[in-house]
Amino acid sequence: MSASCEALPRTKHFVTKQLNNIVSSRSLTRTKQLHAHTITSGLLSSSLCSNFAKSYALCGHVLYARKLFDGLSDRNSLLYNAVIRMYTQKGMHYDGLKVFTEMTTAGQCLPDNFTYPFVAKACGELSLLDVGVVVHGRALVAGFESDTYVQNSLLAMYMNCGDKEAARRVFEAMKERTVVSWNTMINGYFRIGCAEEALMMFDWMVKVGVEPDCATVVSVLPACGCTKNLELGREVHALVEEKGLGQKNITASNALVDMYAKCGKMDEARLLFDKRSKRDVVTWTTMINGYILNGDARSGLELFGLMHHDGVRPNVVTIALLLSACASLSLSTHGRCFHGWALRQKLESDVMVETALIDMYAKCKDMDHSLRVFARTSRKRMAPWSAIISGCSYNGLAREAIELFKQMLMEAIQPHEATVNGLLPAYSILADFRPAADIHCYLIRSGFLSSVEVATSLIDVYSKCGSLESAHKMFSEIPNKEKDIIAWSVIIAGYGMHGQGEAAVSLFNEMVQSGVRPNEVTFTSVLHACSHAGLVDEGLHLFKSMFESKQVIPQTDHYTCIIDLLGRSGRLEEAYDLIKSMTFMPNHAIWGALLGACVIHENVEIGEIAAKQLFELEPENTGNYVLMAKIYAAVGRWKDAENLRRIMGEIGLRKSPAHSLIEVRNM
């Protein structure tokens, strides 16, 4: 480098001209070379220092830019803008705001229409709404209320801070709105969870004649997917085809695949995917995610094989999704393979991969490996804690889950709503009122009970603890408009669990009258309640309503409840006829309910039919043999009973010993 520097002319005019060229090209190497030449030539002046500082800032070299910047007493707006821009692009937003404060305090030069967008971005990224409002005020005082560039940056800032009303006021006050203005609003609404408003903004945009671009498409399609608005999604697809936006921009094509997948149209998503000549890692990952979202995790895993064959390297999101697929299918062997791949690629320390590994091993009932992965995490991030706590609850390790939660709090890790939702099932497993009341107090202090999902989990906890009064009180405290199908199902199941069938049916009717449509789980809960309380007519009426409404197709659980209900009331012939009328093959639970009813009513004929089916479906289940033997014994057919016990002995079956569990607490 020294030889090239010596060959350069030693004139200030030449240096200034070269530096101007370098600034436009933003070459760090050339900036360093010319800077060295200027120093060795003795040509370095205050004005050149300022230009070199600006050049280093534009190249993103924080150390050199800041050192030169700090040594200057005379700074212009171009230099301030370059340094503030450098900090915002590097994610050092606080430093950018400090430089802006220095600029306004020094008073040497005023912020211009390039300064405010950088500063507004810093405020938005840091969610400093109060500071953003001050910046907005200064921009207005400075006369930039008509500057579209400044106004667009304020829109983005308010949306990033979650203040959609302020963003809307700025938007409506704008004298000129560009496509960027509309895109900022659409994307902003979607990111803060207002997908419907994002779609309304897009509709307004189209009506006033603003032509959408690629950024519009990429902003509006996720909102279509989120709201399952397939009709609008297809309209946007037609627009993409008409304008050729998908060919120009792979991001738009990926967004279309994602939209169809989110709307449950995997055939159309796959058609688009297969038509793409160019597919990047996002394309493949989006398609894999679509299969998993739509309950076809196996196809997602198969697609990974094609992705690998295509030479596309998966990223951390892909690996996390594949581990999630393994978890849902309980494929621990596949999960270990992906774990090994993550280790070889040095991705195992990524928080997404760590969390997915903990969850995968837990869902595969391998808590030893799940805990080992967790032990290697930094323990400073909330997601792995949430995963291991949820994993312990999932595997029935209630005390371990609660102990881990306490450790998490002791290490000053703030839990998220997902953490609490993973923890509360542990209290349901314990079924102990005192710990349930303790966690209830914590949830009140921490503000988590404002979430309907958390409140619903607590209702389930109190139901399992035997405190229906506390459960109903929790349910009553949820505002009526926020009571979703899950909350209703849990409280109905709670009453059914405690044999209060009439109350469960009453709650079911109240739910329907409130406008909440029952789903499969709700019907299972209320039919189960009718079965346990012996409410035959009510149960049959509800079962019949499923066929009439056609909203929910009766499944195995529903038939099991009705067979049990009819069987308990002695209507065994009717129960058997219902089984024969089923449109799908009855499973062991349905035949088991019938056999159990035959034991109660000592019905040998139907009992033998049910037992024969169960012996084929569950040849190693001793309970079925024992129940049939009981029926034979009850009617005095001792030889047949003894014959069943002999068969059990021949195939090596032994009746499992019964046991009970009590907990003794020091009072």
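Cβ coordinates come from backbone N, Cα and C, glycine included.
Whatever TrEMBL says is automated annotation, not expert-curated.
Copied from TrEMBL, the annotated features are:
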type: REPEAT; residues: 76-110; note: repeat 'PPR'
type: REPEAT; residues: 147-177; note: repeat 'PPR'
type: REPEAT; residues: 178-212; note: repeat 'PPR'
type: REPEAT; residues: 280-314; note: repeat 'PPR'
type: REPEAT; residues: 381-415; note: repeat 'PPR'
type: REPEAT; residues: 484-518; note: repeat 'PPR'
type: REPEAT; residues: 519-553; note: repeat 'PPR'
| field | Positions whose Cβ lies under 8 angstroms from the repeat 'PPR' (519-553), at least six residues beyond its ends | value | 485-486, 488-489, 492-493, 495-497, 499-502, 504-505, 508, 511, 561-562, 564-566, 568-569, 571
| By a Cβ-Cβ criterion of under 8 Å, what residues six or more beyond either terminus of the repeat 'PPR' (76-110) are in contact with it? | 50, 53-54, 57-58, 60, 62, 65-66, 69, 118-119, 121-123, 125-126, 128, 131, 138, 142
| said: Under 8 Å between C-beta atoms and at least six residues away from its ends: which parts of the chain pack against the repeat 'PPR' (484-518)? | reply: 452-453, 455-456, 459-460, 462-464, 466, 468, 471-472, 475, 478, 525-526, 528-530, 532-535, 538, 542, 551-552
| Using DSSP, what's the helix, strand and coil tally for the repeat 'PPR' (484-518)? | 26 helix, 0 strand, 9 coil
| field | Helix-strand-coil residue split for the repeat 'PPR' (519-553), DSSP-based | value | 28 helix, 0 strand, 7 coil
| task | Looking only at the repeat 'PPR' (519-553), report the model's average pLDDT. | result | 89
